[in-house]
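Undergrad: Okay, here's the structure, questions in a sec.
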């Protein structure tokens, strides 16, 4: 990627020089960011709000493949997946820390690309970068992001608040990120077998973008506030819809019924899944990495949301003994199981 | 290490099972820990205090060598080095998140050892484990810890507050962790050449412990509060004394003079350095990983501290133009340079 450019070695700069170089453009915008990078710890002041903290570790070869993930997208996504967890608490994300482990053979320009992506995400979502740790890695690229946000105590939405009769809602559409990944993997294999063949991503832009450039749904948090809806439970879809539904039902000690024909699947996702011999419903249920918000609302809030095209009502909460089920298009009842991403299998 | 025990595979448990299994013993003790592990984000409530956030990434082969670092010590140290940053802000550490990347070939019992060390550190320093992320790693072991603490706004000590005439103080002694590491490296080489030879660590307990089991100096933060001393600047000694002094002088826009004969060096460190052909003063200046606190105080606070055997006054702050110097035992003036650990060289 950097063959024709001059390379600057990381050794020359050293850790502190590198951090300064990479973070000079990042300005603190939040009143709560009292002190950012440059001391032993960052200092935050939330006054009467409660702070939210979330952290994610991304490892090369496990969470991303540098052969088809551009570094700028990687930086962007690393931030987004983390912010998504703060939004899933019905909070406002305000700060992040970023720790990076990179090979000392990595040129500065490559690390800069990652930081460009981080900066894009920070600017777009109004986030202050307040600290981190940068180090050489003997193995692959390692990115650890911790995000911090806040919310008023009464607005925070946990996973355990779903009540019988609540409606189960999901934002956007599902399965796209997973099907996009299958296309990238397919093209990688073709390229490995014959490097002369250019990747064929024609018409797949939407699902490729779902995989490479997911967006945390801060807009959904804003929408809910605007509509004066406080979800009874909420989670983001990172491991797959089925797995997330089970988190809500387990923690709320409830059951749930969803309807296959209500699952929001984009036409490109649907067609491409078929093309690849995959069941679009299975992709939506188990694919993961959609970073949509899954939440439950009281039935009395139905009128406020029913006309929003970006929110789908896919089922309802039942008593625990009724189990967690999907009614298929042909009216067959399936028990839902978490077949999402197992961090120790994939 | 686990040859004779039954191994439990991580695949069987999966990520959520593993997190639950490992963190079941960790109870939340702080009123500020509103919600810990088990939701999208942890929730903290500091009311009228300011929050402190610090993060560190530890990578196998760079920050630790599993051939001589027991896993329990690794877990303990990963927490300590992070708490140390909160103490260096003159704050109280209260919570941590821990993200772990481990090979799926790692048995459960090995991950449990790491968590035992984390638990020991949490119990000893009164820390709530509130979140994290656990994942397979295709390469080495990866540990990312973020620590959270708090302090009253007026108590927080930054690196940039040192004033001309202030006294430069350091807790404990220096160079031990580095010399301990040299001994461990030496014994590793001997073992690799002849596995029949048992490691010879006789009489080296103190410095081996300094390397493997450092302790964050919360007691120094407590002592300063008790003596009603607010340091004008503070930092922890992670990269080496010289490097940390330069952080304080650069950020405070001042100079500094220290005296070689005032550097606190333990006799075991001194003798072992000599044995290995190293200059004990250089080990103290550049060794790093001591996790002692380096701080500046007003001269008027001298009387309060002068009899404390655990705190050494090693020099004083000067104007910027006087530079950053060490007066040697033979009265030669040396300019101090940051020759501490370069994250991209070692």
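Cβ atoms are placed via backbone N, Cα and C, with glycine included.
Predicted automatically and left uncurated, TrEMBL annotations should be read as such.
Straight from TrEMBL, here's the annotation block:
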- B:38-150: domain 'PurM-like N-terminal' (DOMAIN)
- B:40, B:85, B:236: Mg(2+) 3 binding site (BINDING)
- B:40, B:54, B:85: Mg(2+) 4 binding site (BINDING)
- B:55, B:56, B:133: Mg(2+) 1 binding site (BINDING)
- B:56, B:85: Mg(2+) 2 binding site (BINDING)
- B:63, B:289, B:341: substrate binding site (BINDING)
- B:115, B:132, B:133, B:159, B:238: ATP binding site (BINDING)
- B:239: Mg(2+) 5 binding site (BINDING)
Undergrad: Given residue B:63 (substrate binding site) and residue B:115 (ATP binding site), what distance in Å do their CA atoms have, once rounded to a whole number?
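TA: That separation, Cα to Cα, works out to 18 Å.
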Undergrad: Name the residues of the same chain, 6+ apart in sequence, whose Cβ is under 8 Å from the Cβ of residue B:115 (ATP binding site)?
TA: B:22, B:23, B:75
Undergrad: If you count the other Cβ atoms within 10 Å of each Cβ, which of the binding-site residues B:133, B:236 comes out on top?
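TA: Of the binding-site residues B:133, B:236, the most buried by Cβ count within 10 Å is B:236.
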Undergrad: Rounded to a whole angstrom, what is the C-alpha distance between residue B:132 (ATP binding site) and residue B:55 (Mg(2+) 1 binding site)?
TA: 12
Undergrad: Rank aside, I only need the closest one: which of the binding-site residues B:40, B:56, B:289 has its C-alpha nearest to that of the residue listed as 'Mg(2+) 5 binding site'?
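TA: Nearest candidate: B:289.
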Undergrad: Cα-Cα, whole number of Å: residue B:159 (ATP binding site) versus residue B:289 (substrate binding site)?
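TA: Cα-Cα, rounded: 18 Å.
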Undergrad: Rounded to the nearest Å, what's the C-alpha distance separating residue B:133 (Mg(2+) 1 binding site) and residue B:236 (Mg(2+) 3 binding site)? Just drop the number here, would you?
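TA: The Cα atom of residue B:133 (Mg(2+) 1 binding site) is 27 Å away from the Cα atom of residue B:236 (Mg(2+) 3 binding site).
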Undergrad: Using residue B:85 (Mg(2+) 3 binding site) as the reference point, find which of the binding-site residues B:54, B:55, B:56, B:238, B:289 has the shortest Cα-to-Cα distance to it.
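TA: With Cα distances computed to residue B:85 (Mg(2+) 3 binding site), the winner among B:54, B:55, B:56, B:238, B:289 is B:54.
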Undergrad: Where does residue B:85 (Mg(2+) 3 binding site) sit in DSSP terms: helix, strand, or coil?
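TA: Once the DSSP labels are grouped into three classes, residue B:85 (Mg(2+) 3 binding site) ends up as helix.
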Undergrad: Starting from the Cα of residue B:238 (ATP binding site), work out which of the binding-site residues (B:54, B:56, B:289) are within 10 Å.
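TA: Checking Cα-Cα distances against residue B:238 (ATP binding site), the binding-site residues within 10 Å turn out to be B:289.
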Undergrad: Cβ distance under 8 Å to residue B:56 (Mg(2+) 1 binding site), same chain, sequence separation 6 or more: which residues?
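TA: For residue B:56 (Mg(2+) 1 binding site), the qualifying residues are B:78, B:81, B:82, B:85, B:144, B:145.
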Undergrad: Determine, using Cα-Cα distances only, which of these binding-site residues is closest to residue B:54 (Mg(2+) 4 binding site): B:40, B:236, B:289.
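TA: If we rank B:40, B:236, B:289 by Cα distance to residue B:54 (Mg(2+) 4 binding site), first place goes to B:236.
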Undergrad: With Cβ-Cβ distance below 8 Å and at least 6 positions apart along the chain, what are the contacts of residue B:40 (Mg(2+) 3 binding site)? List them in sequence order.
TA: none
Undergrad: For the binding-site residues B:40, B:55, B:115, B:133, B:238, B:289, which residues show a Cβ-Cβ distance under 8 Å to chain A?
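TA: From B:40, B:55, B:115, B:133, B:238, B:289, the ones near chain A are B:40, B:55, B:133.
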